[in-house]
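Visitor: I'd like to ask some things about the structure below.
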Amino acid sequence: AVVPARLWGGRSHCVGRLELLFDGTWGSVCADGWDPVAARVLCRQLGCGRPRLIPAPCSPAAAGASPVVLQRVQCTGQELALEHCILHPGQSSSCPSDR
């Protein structure tokens, strides 16, 4: 299944906070479950070159904006899009806030 991804709130489609459409809901990924490898795959998927910042969608400022739909995104770095990575569904109650 295709998992659309978008970055929003920034000056271009390559800047902003990560949201994924998962099970019909736009939501974010736990900061703990997002790493530079997943960021590289996302930037490739969006045609944005190399990542410079790793979004932390569970930071307190962002947490109220969209629900957490994924606890973890596991990529090898070779995937063309995030839907080819291993996606671990999870709710915000299981998502620790950034320390």
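Quick reminder: no glycine exception, Cβ is built from N, Cα and C everywhere.
Annotations for this protein, taken from TrEMBL, read as follows:
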- C75-C85: disulfide bond (DISULFID)
- 5-99: domain 'SRCR' (DOMAIN)
Visitor: Please give me the CB contact count at 10 A for C85 (disulfide bond), counting all chains in the structure.
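Guide: Taking every protein chain into account, the count is 21.
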Visitor: Applying a 10 Å Cβ distance cut-off over all chains shown, what neighbour count does C75 (disulfide bond) have?
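Guide: Cβ-Cβ neighbours of C75 (disulfide bond) within 10 Å number 21.
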